[in-house]
Ligand SMILES: *[C@@H]1O[C@H](CO)[C@@H](O)[C@H](O)[C@H]1NC(C)=O
C-alpha cells in the first residue's frame with residue numbers, strides 16, 4: 001500500500017514547517033524552553049539541533065528559505081523513490097521525444113494514469129537534461145510552439161554536437177516549478193514536453209501546476225485512489 005506515503009511525506013513537510021516557525025518564534029521572542037518535565041535525552045538532541053539551527057539562522061536569516069526547500073526536496077525524493085519502483089518510471093523515461101498529447105495520454109492511460117497525473121509526473125521531472133539528438137529536428141523549421149529566443153538557445157547547444165546536453169529548465173538540479181514555467185513560455189526542450197502546454201487536453205493542468213507545491217499535492221490526491229504496483 002505504497003500510496004499512503006505521499007500523504008505521510010506531506011505531513012512531515014507540514015510538521016517541519018511548524019518546527020521552522022517555532023524555531024523562528026523562539027529567536028524572535030528570545031524565549032527558551034526549560035528542561036523540566038521533558039525527557040532528558042530527547043531534550044538534549046532537540047536542543048542541540050535547535051541550537052545549531054538557531055545559530056545558523058541568527059547568522060543568516062535567509063537560510064530559512066533553503067531549509068524549507070530542503071524539506072520539500074526530501075519529500076520529493078521520497079515520492080520519486082515510489083515512482084522509480086513503479087512501472088510508470090519505465091514509461092516516462094522512454095525516449096519518445098516527438099509524441100503528441102494524444103499518444104502520451106494513451107500511453108500513460110495504459111498504465112492507469114490520467115492526463116492530469118501525466119502532467120504532474122512530467123512536472124516532477126524538472127531535474128535533468130535532454131541531448132541535442134532528441135530535439136534537433138525541432139530546429140529545422142519554424143515551430144510556432146517554440147519560443148524563437150529559446151530556439152536560438154537550443155541551436156547554440158546543438159553547435160556542440162548530438163550529445164550536447166540541454167537542461168529541462170534553468171535549474172537542472174533543483175526541484176522547482178521552472179520546468180512548468182518553461183512550458184508556459186514556449187521553452188519546453190522536447191516536442192513531447194511542449195505538447196503538454198500546446199494541447200488543449202492538458203494545457204489547464206500545466207497552468208494549474210505553476211506552483212511546485214501543487215505538483216506535490218497532485219501526486220498525493222491523484223494517487224490516493226490508485227495503487228501504483
Ligand atoms: C520530456 O519528454 C521526454 C520524452 O517523452 C520525457 O522522457 C521527459 O521526462 C520529459 N521531460 C520532462 C521534464 O518531463
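Keep in mind that glycine also has a Cβ here, set from the backbone N, Cα and C atoms.
Positions annotated as transmembrane segment by TrEMBL: 12-31.
The domain 'Plant heme peroxidase family profile' annotation in TrEMBL covers 48-211.
Summarising the annotation, TrEMBL assigns substrate binding site to 95.
Look at TrEMBL and you will find 125 tagged as heme b binding site.
According to TrEMBL, the feature Ca(2+) binding site maps to 126, 169, 171, 176. Around residue 171 (Ca(2+) binding site), the same-chain residues at least 6 positions away in sequence with a Cβ under 8 Å from its Cβ are 126, 178. Look at residue 171 (Ca(2+) binding site): DSSP puts it in coil.
On a Cα basis, residue 125 (heme b binding site) lies 10 Å away from residue 169 (Ca(2+) binding site). Comparing residue 176 (Ca(2+) binding site) with residue 125 (heme b binding site), their Cα atoms are 10 Å apart once rounded. Around residue 126 (Ca(2+) binding site), taking its Cβ as the centre, 24 other Cβ atoms fall within 10 Å, counting all chains.
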